[in-house]
Amino acid sequence: MTLEAGVVAVQGDVEEHAAAIERAARSRGREVTVHEIRESGIVPDCDLLAMPGGESTTISRLLREEGIAPEIRDHVEAGKPLLATCAGLIVASSDARDDRVDELGLLDVSVERNAFGRQKDSFEAPLEVTGLVGENGDGDGDGDGDEDESPFPAVFIRAPAIDDVTGDVDVLATWEDRPVAVKQGPVVGTAFHPELTPDSRIHGLAFFENEAASVPEGGTLESEAESEAQTGAGVR
Amino acid sequence: MADTTDLEELRRGTDLVKRGFARMQKGGVIMDVVNPEQARIAEEAGAVAVMALEAVPADIRKRGGVARMADPADVEEIVDAVSIPVMGKARIGHTKEAQILEAVGVDMIDESEVLTPADDAYHIDKRDFTAPFVCGARNLGEALRRIDEGAAMIRTKGEAGTGDVNQAVHHQRSIKGAIRKIEGMTHEEREAYAREIEAPAELVHETAEMGRLPVVNFAAGGIATPADAALMMHHECDGIFVGSGIFGAENPPAMGEAIVEAVNNWDDPEALAEISKNLGKGMKGDANADLPEEEQMQDRGV
């Protein structure tokens with residue numbers, strides 16, 4: 001079956017997330033159709049969701065104006081996976097320490113915006129992230145969960161850091177001793193931008209290898225030829 | 001949780017980091033501001049970034065004389081006033097103004113034709129900077145030359161400070177039309193076209209293969225209303241710069257919010273109708289057709 005994926009598209013690097021979701025699905029033999037969410041009424045039909053990077057004040061404001069915010073809360077409450085990156089993480093947190101951001105409270109973390117400085121301090125670096133699974137599993141494309149913990153190429157752009165973690169939040173990665181990737185139930189949040197590099201392991205972890213999230217089964221393809229034909233048809 | 005991250009391999013100011021910053025601005029509105037109070041209004045209205053300058057283009061146009069980088073103290077005040085990114089304008093070819101803006105901590109530098117060019121032959125070598133740059137362009141050749149020099153974002157030049165969107169549309173159509181043209185060309189035709197438009201062949205090939213500019217492409221120059229912003233999104237821009245259109249309007253907070261919402265709803269006419277209601281007077285503006293050639297800013301820095 002074809003999975004319905006949504007990328008919150010009120011502002012930010014939406015196409016990059018859409019492409020990353022498609023890459024992650026394809027390498028795992030799954031079919032996916034990606035929808036851009038700029039208005040209410042689309043989230044309820046989505047099996048998985050991504051909240052992109054951008055400006056958290058702008059994204060937060062438009063999620064409220066467009067009535068999308070409660071739909072995202074319902075999505076997570078139903079146990080469906082959400083990947084929130086950078087500004088998305090700030091919006092998904094329970095405390096962004098900024099009146100201009102309406103936090104959705106989907107992750108029991110507080111965050112500090114621009115924790116690593118301004119744009120001139122933005123950086124890329126290899127990052128150890130726990131729990132990552134190889135893009136192609138053991139190479140047969142069946143995504144059966146073989147670990148690949150080689151460093152992840154992480155891009156931090158005016159990035160936030162998590163400064164307090166409560167509840168049952170798992171910390172997956174730290175930078176300068178501050179958590180920068182976390183998982184809580186169906187939600188994965190990163191301070192960096194996995195959508196900016198071709199490595200789809202974070203998207204894979206969030207959507208296909210998270211036991212705490214419910215994604216419809218099926219869609220595993222038998223052969224590579226079939227895989228190409230079917231994902232080709234599934235992509236927008 | 002591993003603690004073995006190799007700090008040695010940390011890299012700043014790479015193309016990925018610079019272009020990545022520009023990508024985070026997509027679908028957003030970047031607003032011109034001249035003081036911290038305006039910057040806060042812009043942030044409140046939902047701007048993704050503000051452009052800190054001494055005077056908005058409409059006033060620069062009226063005042064005449066040499067237009068330069070803003071006082072770094074004023075830029076700093078704006079940097080301190082908001083949590084969103086702050087951009088600053090340097091004169092075309094003025095490497096020192098750009099270095100000063102970078103030292104002050106602006107997040108992106110606009111090498112802008114709105115200011116008086118400092119060099120009539122060369123642009124700044126933007127690859128030397130950690131800060132990303134945005135540059136104006138009227139056509140594909142200009143856009144690719146600026147990208148070759150290191151620009152991480154391209155915006156249409158339009159005709160700044162006029163409130164007339166006509167030239168921004170013209171420039172965006174020119175860029176998009178040329179991309180459609182090269183998409184249909186063979187390898188050797190693209191090589192010849194690259195020579196014709198004086199752009200690096202490598203970038204012509206890359207653009208043709210991607211079907212778009214390899215960096216984010218915003219609209220700027222004369223955008224004054226929510227409908228103007230929506231029109232530029234319709235022409236496949238990635239986002240919008242609004243110069244004099246917000247603080248030259250009767251009710252800047254309302255105009256700012258409306259333009260932000262119009263960019264998100266650019267393809268929904270009913271929403272645009274609601275958004276456009278009761279905003280008060282927009283900026284007065286000057287029609288591009290009435291502008292004498294010597295007063296045009298777009299011909300600066302090609």
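Quick reminder: no glycine exception, Cβ is built from N, Cα and C everywhere.
The L-glutamine binding site feature in TrEMBL is assigned to A:G54, A:E55, A:S56, A:R113, A:I157, A:R158. Taken from TrEMBL, the feature active site, nucleophile applies to A:C86. Per TrEMBL, region 'Disordered' is recorded for A:129-152, A:213-236. Marked as compositional bias 'Acidic residues' by TrEMBL: A:137-150. Residues or ranges marked as active site, charge relay system in TrEMBL: A:H193, A:E195.
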Same-chain residues at least 6 apart in sequence whose Cβ lies under 8 Å from A:E55 (L-glutamine binding site): A:Q11, A:G12, A:A87
Cβ-based isolation winner (fewest other Cβ atoms within 10 Å) among the recorded positions A:C86, A:I157: A:I157
The residue listed as 'active site, nucleophile' and A:R113 (L-glutamine binding site), Cα-Cα, nearest whole angstrom: 9
A:S56 (L-glutamine binding site): nearby active-site residues from A:C86, A:H193, A:E195, Cα cut-off 10 Å: A:C86
Cα-Cα distance linking A:E195 (active site, charge relay system) and A:I157 (L-glutamine binding site), given in Å to the nearest integer: 12
Distant-in-sequence Cβ neighbours of A:E195 (active site, charge relay system), under 8 Å, six or more positions away: A:D13, A:E16, A:H17, A:A19, A:A20, A:A50, A:P52, A:G53, A:T85, A:H203
Cβ neighbour count (within 10 Å, all chains shown) around A:R113 (L-glutamine binding site): 20
Cβ-based proximity (under 8 Å) of the recorded positions A:G54, A:R113, A:R158, A:H193, A:E195 to chain B, or none: A:G54, A:R113, A:R158, A:H193
Protein Cβ atoms within 10 Å of A:S56 (L-glutamine binding site), excluding its own: 30
Residue with minimal Cβ packing [other Cβ atoms within 10 Å] among the recorded positions A:R158, A:H193: A:R158
Inter-residue C-alpha distance, A:R158 (L-glutamine binding site) and A:C86 (active site, nucleophile) (nearest angstrom): 9
Separation of alpha carbons, A:H193 (active site, charge relay system) and the residue listed as 'active site, nucleophile' (Å): 7
Largest CA-to-CA spread of L-glutamine binders A:G54, A:E55, A:S56, A:R113, A:I157, A:R158, angstrom: 13
